[in-house]
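Listed in TrEMBL:
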{"type": "SIGNAL", "residues": "1-20", "note": "signal peptide"}
{"type": "DISULFID", "residues": "30-45", "note": "disulfide bond"}
{"type": "DOMAIN", "residues": "59-208", "note": "domain 'Cupin type-1'"}
{"type": "BINDING", "residues": "104, 109, 114", "note": "oxalate binding site"}
{"type": "BINDING", "residues": "107, 109, 114, 154", "note": "Mn(2+) binding site"}
């Protein structure tokens, strides 16, 4: 009996892991239908008879992103929202442009692991594990690759005097992004300042000041 229960537990855990990422497609493709009002976990499929080559095509990733913002970075995402053929394929990508000393601030992708390839420049990158937090960092040069595990807070900083460019591959058609500072201090409605003051062990005036700032988005 004990062995049967153990086997059942293992099976449940294995099944949970199997469905922890984007579901696999059950046909050759399932191009996203952005005209429907039906809400599902993912995106409804377009009628295959109406699918065109353009549904699998995106143009413009060669263009430099506008880094003239407070962060000095710009993320150009290619996901199911602008490349409909990615629906159910469990993958997306992004171009990240950095001005000199520009930052892609601490953030997380709740639904995807990220693999970053540096095409130009020099970056200081890193991620922090779940509690107890441990920091892993690396300095990347042209041609280097670094992986950020799913759901963990990570960042990239241009430490060079020239522009930097990177391409990120992500293991979800819609990885999502949670920028830590923006989420904590720029949410709408705002998080109660008593909560944040106690959490960060600072005076409420500091929290109120941070909440009053305009939090820059680089996406």
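The backbone N, Cα and C atoms fix where each Cβ goes, glycine too.
All annotation found in TrEMBL is predicted automatically rather than curated by experts.
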What other residues of this chain sit with their CB within 8 A of the center of the CB atoms of 104, 109, 114, the recorded oxalate site?
94, 107, 108, 112, 116, 148, 154, 168, 170, 175, 177
Return the member of 104, 107, 109, 154 nearest to residue 45 (disulfide bond) in space, with distance defined Cα to Cα and candidates limited to these binding-site residues.
109
Count up the helix, strand and coil residues in the domain 'Cupin type-1' (59-208) according to DSSP, in that order.
22 helix, 59 strand, 69 coil
Between residue 154 (Mn(2+) binding site) and residue 104 (oxalate binding site), find the distance joining the two CA atoms and give it rounded to the nearest Å.
9
Sorted by sequence, non-107, 109, 114, 154 residues with Cβ within 8 Å of centre, Mn(2+):
108, 112, 127, 148, 152, 153, 175, 177
Show which residues of the chain containing residue 107 (Mn(2+) binding site), separated from it by at least 6 in sequence, have their CB under 8 Å from its CB.
153, 154, 155, 177, 178, 179, 180
